[in-house]
């Protein structure tokens, strides 16, 4: 097991101490790590009465292994809440991130609970990819002695809704596991379903416990003060937008903004690799258009979470208007008896296509109907914050946080449409205006603990963002490890994001190599994956020398194309077939030497 490194400048450990600590804990199981954590806590708190973590006594109910497989933090929050519920019920539980779980020990699990999200085209979260591959490989063991439960989080606006949870649930059963209870698939508004499921899990496990025993377990994983903050997704910090700068050229087809947010004296802290959550306000003009299309005024009272609000205010601040879903289309068609939409009902593929190509306001414009205000509210999904990879390191920018925002803009029959959060930041928040933010920590995208370790960064488009943070941190730490950047975009003159900074890093010697792919500057399109193949021999030398590989950006196409190129490079220059190359890359993932932040 490899524990991701915390920000060295913020901890009382130097890089060498961190490296020794990681080496000492490499072969420990989650239970052993938990015991060590409890032991040292007890050393520091001898009078606290704390109980060190120990295995469940003979004859008692076996401990519950609770695996959190999270992409944006929601699955982690559900898993942490379940852990607290189980501890309160005096049940023995170990919470472990999927990326830290030694999956080859799964055959020895008696009680296994998985909370997982889904990303991309139905793939598991990044931290759970290795576990998923192992379970679906020929090496997967029989699990006749394992009882399990799965909670799956997803988004019905995507075709492969909750696919990761479905995969884990079906495979665990296929391997002989016993279901403790049926899998639950939860949409974006997951809280109520999660609360009910957690209660069911506790009840089922308590019914299996022969004797109530004092709880003796804690969550595993690195403890880091940087995660402790009064500001959360549900209680965000009101910060100040200080800089909004367009960093693509005048003739670029893309509108990309460099956004700087002043955190003031909040004390909010983050690490390179983390994301910034941004709560946004829907465009008042869009709200007005939707309200008028439904022959409403906007001042009608509606109920939102037990409170009465004017319709327009509810739509601006509380509901998703820029992303349509198949469920919304189907429900709107059924509710309004729309002649143009009713033929789509029951046809999942057509509903998905219509939702993906027709925003809510245009659905109403194309299929007008008279709807009362509360019916409209009941049709919509709650507004959720958008996450942006952080493009700065606090070692350099201190009380600021920077993000790189690709503004979503398009036309529907001549009418300008835009993304909710991106247009909010780019167009509607004035400089020195307020924006509500929080940090979403991502321990699955961390710089190596050893500053001598080489780093390979692959980030086309706005995927460049976290690597700006990486380089700022490596510069601040005086890290001597080599750094190699692969970046791509349509045009060199218009789309070279942060060009001056990269050129400075090259000149200073911090950026050892940079390979650039401009897809539209020549007849033949060139992408970052082509550059990977072109530099295959040198790339393999870096990998063979222990380099860590990082990929950030589009999950739907780029990440898959990049992984295919990496596999081909490993196979060709590592002297392997593709199956062996895939196993090799999986090992790199387990060792945290291959990390992705894709969306």
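Cβ from N, Cα, C; glycine included.
The NADP(+) site recorded in Swiss-Prot includes 519, 520, 525, 526, 527, 528, 529, and the single candidate from 477, 561, 577 that the record places there is 561. Rounded to the nearest whole angstrom, the C-alpha distance between residue 322 (FAD binding site) and residue 561 (NADP(+) binding site) is 29. The binding-site residues under consideration are 404, 519. Their Cβ neighbour counts within 10 Å are lowest for 519. This prediction places the mean pLDDT of the domain 'FAD-binding FR-type' (234-448) at 97. Taking the Cα of residue 404 (FAD binding site) as the reference point, the closest of the binding-site residues 158, 525, 528 is 528.
Neighbours of residue 520 (NADP(+) binding site), defined as other CB atoms within 10 A of its CB across all chains, total 14. Remark: residue 120 (FMN binding site) has 555, 556, 559, 598 as non-local neighbours, by Cβ distance under 8 Å and separation of at least 6 in sequence. The two recorded residues, residue 527 (NADP(+) binding site) and residue 158 (FMN binding site), show a Cα separation of 26 Å.
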